[in-house]
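For reference, Swiss-Prot has these:
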TOPO_DOM  1-54  topological domain 'Extracellular'
REGION    1-45  region 'Disordered'
CARBOHYD  ASN27  N-linked glycosylation site
TRANSMEM  55-75  transmembrane segment
TOPO_DOM  76-92  topological domain 'Cytoplasmic'
TRANSMEM  93-113  transmembrane segment
TOPO_DOM  114-125  topological domain 'Extracellular'
DISULFID  CYS124-CYS205  disulfide bond
TRANSMEM  126-146  transmembrane segment
TOPO_DOM  147-168  topological domain 'Cytoplasmic'
TRANSMEM  169-189  transmembrane segment
TOPO_DOM  190-225  topological domain 'Extracellular'
CARBOHYD  ASN198  N-linked glycosylation site
TRANSMEM  226-246  transmembrane segment
TOPO_DOM  247-294  topological domain 'Cytoplasmic'
TRANSMEM  295-315  transmembrane segment
TOPO_DOM  316-331  topological domain 'Extracellular'
TRANSMEM  332-352  transmembrane segment
TOPO_DOM  353-420  topological domain 'Cytoplasmic'
LIPID     CYS367  S-palmitoyl cysteine
LIPID     CYS368  S-palmitoyl cysteine
REGION    379-411  region 'Disordered'
MOD_RES   SER406  phosphoserine
Amino acid sequence: MSFPRGSYDPAASNSSPRWPLSAEDANSSREAAGHQKGSDPSGDVRNEELAKLEIAVLAVIFVVAVLGNSSVLLALHRTPRKTSRMHLFIRHLSLADLAVAFFQVLPQLCWDITYRFRGPDWLCRVVKHLQVFAMFASAYMLVVMTADRYIAVCHPLKTLQQPARRSRLMIAASWVLSFLLSTPQYFIFSMIEIEVNNGTKTQDCWATFIQPWGTRAYVTWMTSGVFVVPVVILGTCYGFICYHIWRNVRGKTASRQSKGSGEDVAPFHKGLLVTPCVSSVKTISRAKIRTVKMTFVIVTAYILCWAPFFIVQMWSVWDDNFIWTDSENPSITITALLASLNSCCNPWIYMFFSGHLLQDCVQSFPCCQRMVQKFTKDDSDNMSRRQTSYSNNRSPTNSTGTWKDSPKSSRSIRFIPVST
């Protein structure tokens, strides 16, 4: 994360360090190094060791995110199965994660390499807009996917009323809303002349606010829109989902107990007839709860990855005792950079909960296909040999003794299982 310091004073200036509200838009290695070491008379220097660490982390995140999400999209494209609503949401969440990689991580990686933003004013505004757009898209796509799981579990009859159309409308709304909410970046960020250590002036892509409290308002709004509000919605949806599943399972259990005791009555709770909202507990457990678990893991990963970043952002603008050199701590810097690790985790979560996606992904590559075929052939040969050996050992002709004279043995031989 970048916390440019230098001559910036929140009490005396309305210009803000490049607050992108994206973990990658941060070079915590900037001006403070020159202030601490005084090795460069121009003052526009940075902590090179920390900068190298940032560049390495961003490069790894970019490569892993691109490979993982591209593999998921390729597997979804090649899968012979009929595309479900969950696959539709996974596809668009992978696209949102690719947007994070290309619009957020990659520009910041280039920015860290060049130290200062190298480009015209319009490019500065576009980059800042796309960085925040990717953040909104990733968060809101997760919200609509969780909302779809809530509808599927708590209101199953609604899934019969044009479910594909509703899902596409929800996805389109999340993309459009993300684009609109990130549009103010065009008016907040621009190429301006900033003063660094020792009075040196340079051009960089920074945010400018009319009022001194603008930075606090901006960071608080972005934290609420990208993190707090989505987390509240996600928590509410999962609260209803868990309550509904618990009530359904309890009703089914009470119904089975009543049937076992010979009572032909449905269970009552507080004078009301308790009837399960879904036809079968097994159906919930195997189909819907698996996708609910997958979405829950994705939500948990999102919170764990992004919470440290937003905590540091809020701390830096609301704590009057905060100094920019605090962000020179490598642990703070890397913790903030790891926010985009969420885009790397999601593909593996999809593949873990949808085993066929991993198989379809592997089959997309010829080299992996040959390896799978070789292992499958070896396993098939080994299984055939084991089956033949097992059958021969169980055959009466290979047995000793008077098995024909023993009716008990003769009857038992008929029921000896032979694996197929």
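Cβ atoms here come from the backbone N, Cα and C positions, even for glycine.
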Contact between the transmembrane segment (93-113) and the transmembrane segment (169-189) (at least 3 Cβ pairs under 8 Å, separation 6+): no
Per Cβ pairs under 8 Å, the stretch of 126-146, 169-189, 295-315, 332-352 packing most closely against the transmembrane segment (55-75): 332-352
Proximity verdict for the transmembrane segment (226-246) and the transmembrane segment (126-146), three or more C-beta pairs under 8 Å: yes
Rounded inter-Cα distance in Å - CYS124 (disulfide bond), ASN198 (N-linked glycosylation site): 26
Spatial neighbours of the transmembrane segment (126-146) far in sequence, C-beta under 8 Å, 6+ residues away: 18, 20-22, 24-25, 86, 89-90, 92-93, 96-97, 99-100, 103-104, 107-108, 117, 119, 170-171, 173-175, 177-179, 181-183, 185-186, 188-189, 205, 222, 225-227, 230, 233-234, 237-238, 295, 298-299, 302, 342-343
Rounded inter-Cα distance in Å - ASN198 (N-linked glycosylation site), CYS205 (disulfide bond): 20
Cβ neighbour count (within 10 Å, all chains shown) around ASN198 (N-linked glycosylation site): 15
Assigned conformation of ASN198 (N-linked glycosylation site) - DSSP reduced to three states: helix
Arithmetic mean of per-residue pLDDT over the topological domain 'Cytoplasmic' (353-420): 52
